[in-house]
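Feature annotations, courtesy of TrEMBL:
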- C:133-419: domain 'NADH:quinone oxidoreductase/Mrp antiporter transmembrane' (DOMAIN)
- C:6-27: transmembrane segment (TRANSMEM)
- C:34-54: transmembrane segment (TRANSMEM)
- C:87-107: transmembrane segment (TRANSMEM)
- C:114-132: transmembrane segment (TRANSMEM)
- C:138-157: transmembrane segment (TRANSMEM)
- C:169-190: transmembrane segment (TRANSMEM)
- C:210-231: transmembrane segment (TRANSMEM)
- C:243-263: transmembrane segment (TRANSMEM)
- C:306-324: transmembrane segment (TRANSMEM)
- C:336-354: transmembrane segment (TRANSMEM)
- C:417-435: transmembrane segment (TRANSMEM)
- C:464-481: transmembrane segment (TRANSMEM)
Amino acid sequence: MNLAEGVQLVSFAILAVMMIGSALGVVLFSNIVYSAFLLAGVFVSISGIYLLLNADFVATAQILIYVGAVNVLILFAIMLVNKREDFKPLPNAWVRPTMTAIVSAGLFVLLSTMVLVTPWAYSTESVSSDTTIVLIGQHFFSDFLLPFELASVLLLMAMVGAIILARREFLPDQVITPDKQQQPVLTLPERPRELVGISSDKTSNLDDSRRSE
Amino acid sequence: MDFANLVDQLNAGTILPEGIVLTTLMVIVVGDLIVGRSASRWIPYTAIAGLLAAVVALYLQWNNPNPISFLGAFNSDDLSIVFRGIIALSTAVTILMSIRYIEQSGTALAEFIGIMLTATLGGMFLSGASELVTIFISLETLSISSYLMTGYTKRDPRSNEAALKYLLIGASSTGVFLYGVSLLYGLSGGETQLSAIASAIADANLSQSLGLVISLVFVIAGVAFKISAAPFHQWTPDVYEGSPTPVVAFLSVGSKAAGFALAIRLMNSAFPLLIDEWQFVFTALAVLSMVLGNVVALAQTSMKRMLAYSSIGQAGFVMIGLIAGTEAGYASMIFYLLVYLFMNLGAFTCLILFTLRTGTDQISEYSGLYQKDPLLTLCLSICLLSLGGIPPLAGFFGKIYLFWAGWQAGQYGLVLLGLVTTVVSIYYYIRVVRMMVVKEPQEMSDAVKNYPEVQWNLPGMRPLQVGLVLTLVATSLAGILSNPLFTLANSSIARTTTLQPIVISSHFSATVPAENSALQTQQ
Amino acid sequence: MLSTQIPWLTTIILLPLVAALAIPLIPDNQGKTVRWYALGVGIADLILMVYAVWQNYDLQISTFQLAESYPWIPQLGMNWSVAVDGLSLPLVLLTGFITTLSILAAWNVTKKPRLFFALMLMMYSAQIGVFVAQDMLLFFLMWELELVPVYLLISIWGGQNRRYAATKFILYTAAGSIFILVAAFAMAMYGDVVTFDMATLGIKQYPRAFELLVYAALLIAFGVKLPIFPLHTWLPDAHSEASAPVSMILAGVLLKMAGYGLIRMNIEMLPNAHVSFAPILAILGVVNIVYGALTAFAQTNLKRRLAYSSIAHMGFVLIGIASFTELGIGGAVLQMVSHGLIAASLFFLSGVTYERTHTLIMEKMGGMAQAMPKVFALFTAGAMASLALPGMSGFVGELTIFLGITTSDAYNPMFKVVVTLLAAVGVILTPIYLLSMLRQVFYGNENSGIVIEEYLGDAKPREVFIAACLLLPIIGIGMYPKLATQTYDVKTVAVAAQVRQVLPTVIAQKQRSPLYSTALVAPQLAVPESQVLIASE
């Protein structure tokens with residue numbers, strides 16, 4: 001093992017510990033702001049691992065997009081909503097996490113066995129870090145042209161969808177037409193089923209008023 | 001690097017139908033932006049015209065001698081053409097039924113149709129995608145548009161719940177699918193083309209490795225989510241109940257057809273070595289879906305939920321064709337999906353019409369409808385009985401063909417189970433028919449008592465009527481005059497090389513050199 | 001074979017169906033136009049049938065005539081192939097006759113008349129289709145086609161408990177019919193060529209176990225419909241809850257589809273298995289007769305009693321089918337025809353009674369004979385026919401079957417004696433319950449609690465006409481059986497010969513296989529082989 005390999009190994013260990021640690025933190029912290037910050041840690045560690053794999057462009061993109069945009073957005077959302085909600089403790093609350101832990105552990109064992117026993121077909125050609133962007137570009141405009149273009153449609157529609165969901169609707173006054181068919185805007189025309197126990201909910205008050213028509 | 005040569009190699013003409021859909025999408029989005037709200041008068045018809053033009057373009061590409069395009073990313077063989085046609089048609093019919101529904105809910109029509117067209121685009125690309133990245137992106141296009149449409153009535157808590165549930169479960173299933181696909185990439189030494197993957201794995205002698213099996217299981221989990229096969233169906237009832245009904249119609253036909261297209265292509269191209277394994281897994285899924293879907297549907301009180309469970313059961317029936325694995329099996333899947341398109345969309349059209357007039361979808365509220373609206377009763381009865389497989393309606397022939405193919409392939413147990421669950425399904429379908437037809441006038445429900453006068457001249461009602469009559473006629477006659485449909489289904493399978501027994505060798509040699517040379521010319 | 005240019009059978013099948021689809025188009029006058037229309041279609045189809053047979057059917061030929069075959073769905077191997085032979089012919093004519101009369105019987109239907117007559121006509125088509133289909137898938141299609149119309153006819157126009165009865169009917173029949181499809185698939189896919197053509201399937205040679213399984217599947221399917229004892233429970237509900245015209249068709253035609261299927265498929269296509277199953281069929285027949293008769297006796301509801309008597313009478317058909325003789329199989333066909341006529345007339349008359357009394361509970365009736373002597377006379381005649389009074393068709397049918405089973409050389413004498421004795425017990429029970437029914441309903445003092453619709457009074461000319469139409473052939477066949485037998489004689493002789501031909505080989509195999517003797521609890525077909533060979537020669 002020469003120096004380079006040693007450094008690589010050590011960096012990998014550090015990054016892995018960082019990633020797993022912060023990922024556990026994301027899941028386990030009850031304060032959602034901590035989780036959001038730790039999520040950034042996960043993303044950064046992942047991009048570190050990309051760097052170790054000579055994927056410099058992906059690493060940069062990871063930091064720019066996930067840490068710089070996605071995570072910041074999440075933080076914004078959390079800070080803006082800023083709603084503390086105290087959940088009632090459930091009886092036998094330990095059952096579900098335990099079950100989940102057992103299933104996840106089983107899955108982990110299975111997958112790691114799979115990784116270890118499978119003789120992977122490694123790609124032997126080494127990629128110099130200068131040409132990755134060039135290679136990616138070539139792929140984008142040759143054999144991955146179709147998915148690349150399709151992704152633009154996907155993004156466009158995601159944007160349109162986000163606007164639709166987020167925009168403030170101009171709600172017309174409903175008193176104007178006392179028509180029996182009138183349904184509240186932006187709801188399903190079907191009446192909800194009468195559910196026992198949720199009648200104190202705000203939503204069904206709305207429906208009660210409709211039903212009384 | 002020669003530009004003309006590259007264009008030649010791309011063979012981009014094969015995605016002309018998708019191009020038409022995309023252009024329509026752009027016209028609608030931009031047109032709505034420019035003209036404003038009044039655009040909603042012509043937008044749905046533009047969309048339908050675009051979709052029909054796409055179907056015509058598909059028809060013109062039938063039996064294309066050179067179906068591989070985009071350097072192997074897209075395969076426009078006859079199999080994919082049929083599936084793309086099914087998806088485009090289902091969207092066209094869905095748009096017919098959605099105009100009035102969306103307007104009545106006060107939401108924007110243009111955006112809705114835009115999103116629906118995007119979903120269609122995703123589904124169409126998915127049917128022909130023969131490369132992992134394309135598969136993934138088109139799957140995501142389909143899924144994300146579906147999530148958006150599910151939550152479209154955003155002030156309704158049920159819609160919100162449905163969207164969130166669908167998004168979360170969908171995202172995790174996509175994750176699982178992606179994991180499985182990445183294993184394929186790794187096992188084949190960095191191939192993304194399905195046929196290349198199969199041969200690379202065969203060459204590396206990895207056909208029985210644990211990695212491949214796990215990849216298969218994960219990929220099937222992702223596909224099963226799309227076709228809502230039990231036990232990956234948990235989202236279906238809630239999402240169906242909470243989504244706007246046209247969206248449900250699309251999810252149950254278009255999205256499902258895309259899922260089946262993906263299943264056929266993936267299983268045959270990427271996993272030909274594990275044929276016993278995937279047939280076994282799908283057998284389990286089919287058994288669970290048929291039993292669970294049909295039995296739980298018995299207990300439903302809401303039409304949308306009942307149709308949700310029935311669609312799970314129907315997916316189970318269709319899987320018989322996939323498991324049969326013969327040409328007749330695949331052809332029977334296509335035939336069934338073709339007739340399922342009409343009968344299921346017909347049922348949903350009736351559902352929408354009833355909901356719009358009465359504001360409910362409870363089964364008990366349908367009682368006595370025959371007295372007030374015979375046309376709706378007739379159409380819904382025909383569609384439901386067809387779904388139940390009553391002759392001489394289209395569904396009967398579809399089911400017969402599926403069972404025929406299954407029996408021919410030696411899946412006796414599966415066919416028997418299918419027949420038994422069909423009898424169960426007849427019970428719950430006919431329960432609705434009984435509600436509508438049999439009930440005496442004095443047993444009429446409140447909703448039907450207050451049934452508004454049937455008016456077809458309200459805005460948005462004409463398209464509904466057209467959709468109603470269209471599906472009614474198709475459902476009644478597609479069975480009796482089913483010969484062209486049978487021929488279509490059979491010839492699309494017979495001409496599709498990937499489904500022939502000698503998959504790996506011939507297909508591989510045909511496509512991969514082209515790709516390699518393309519890469520070389522660039523460098 | 002006589003080939004005709006005109007597709008007679010297709011026209012006969014499709015005419016009522018197309019006419020039914022046109023019903024929404026005709027102008028309605030409180031259902032008055034619709035009923036004339038339906039009756040017209042019924043009569044036209046009947047005339048067409050009789051004319052086609054008169055012109056193009058040769059009674060002396062046992063093979064298929066008036067055959068037509070067009071490929072329908074070649075991908076499935078499904079053909080629209082229809083033909084009649086001696087087996088189908090009497091039943092097709094019976095269908096046309098009874099359905100037309102039942103349309104006339106439904107003259108007073110005022111509730112949703114369009115739907116009613118449309119469904120009746122659809123049923124008409126489906127029944128004829130079942131009897132003439134020569135393709136297993138087509139047969140299955142026609143068999144299923146009749147499900148929904150019957151379901152709706154019972155559940156809309158039936159009695160108190162109609163919805164329960166209708167649901168029970170459709171679930172039983174649908175569940176039973178899947179076995180037809182399974183059997184069709186199994187037989188069609190056996191071997192190299194996939195075909196659903198019945199004649200070809202009959203020629204194919206199947207392994208013994210396979211044949212037995214297929215036979216059992218078909219037996220279950222037809223056993224539900226016929227009905228055979230443990231599978232019969234839907235019938236009393238359906239028949240008693242349905243309105244009179246529908247009961248006429250149910251009892252008069254629908255049950256015969258199963259008897260027809262048993263002869264056409266179980267005997268003709270699977271003769272080897274039939275040899276093994278025949279003793280079981282005979283025993284089931286006896287059980288049907290005795291059980292049906294005893295249970296009928298315990299019924300207080302008029303129509304339920306008639307329904308159970310149907311079960312008893314169909315037991316005779318089973319014995320006839322199991323008899324291995326020309327007489328027995330011919331008797332089975334004759335019994336089907338005769339029971340079709342008798343049951344239709346009895347159900348019709350009970351409907352006539354019900355319209356006047358509004359009850360079917362026999363204890364509540366009594367002394368009706370004074371109020372409506374004509375109904376009484378017709379009812380008595382029908383009951384006499386049903387209890388096999390000599391000179392009526394029921395007698396001829398049952399007698400032929402008795403003769404068939406007793407002269408059968410395939411069974412050992414002990415078995416024949418037991419079967420005949422027990423069946424005879426049923427024959428003795430029949431008069432008891434039918435006569436007690438007549439006594440309870442028509443004799444004695446008028447029950448004070450009963451309200452007779454005075455304005456209806458005695459039977460109207462229309463009702464007398466229907467009953468007379470049914471009684472006429474009953475007496476005609478009773479006096480001169482050749483009237484009916486000539487239509488099917490050559491065919492049943494051929495069928496019997498076909499079964500008898502395989503009898504010795506199957507028995508020879510059986511003796512070698514220990515499995516067979518243990519698997520069957522039924523009495524052995526213990527005839528010395530030499531005798532059988534002589535008999536079959």
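Glycine is no exception: its Cβ is also placed from the backbone N, Cα and C atoms.
The structure displayed is predicted, hence computed values, not measured ones.
Counting Cβ pairs under 8 Å that are 6 or more residues apart, the transmembrane segment (C:243-263) and the transmembrane segment (C:336-354) reach 3 or more and are in contact. Sequence-distant contacts of the transmembrane segment (C:169-190) (same chain, six or more residues past either end, CB-CB distance under 8 Å): 77, 136-137, 139-140, 143-144, 147-148, 150-151, 154, 196, 201, 204, 206, 210, 213-214, 217-218, 220-225, 231, 233-234, 237-238, 261, 265, 269.
Counting only same-chain residues 6+ beyond the ends of the transmembrane segment (C:34-54), those with a CB under 8 A from a CB of the stretch are 8-9, 11-12, 15-16, 19, 23, 26, 28, 66, 84, 89, 92-93, 96-97, 99-100, 103-104, 106-107, 109, 113-114, 117, 120-121, 124. When each of the listed stretches C:87-107, C:306-324, C:336-354, C:464-481 is scored by C-beta pairs under 8 angstroms to the transmembrane segment (C:417-435), C:306-324 comes out highest. Residues 12, 35, 38-39, 42-43, 45-46, 49-50, 53, 57, 116-117, 120, 123-124, 127-128, 131-132, 243-246, 248-249, 252-253, 256, 260, 263-264, 333, 336-337, 340-341, 344, 348, 351, 462-463, 465-466, 469-470, 473, 484, 487-488, 491-492, 495 of the same chain lie 6 or more positions beyond the ends of the transmembrane segment (C:87-107) yet place their CB under 8 Å from a CB of it.
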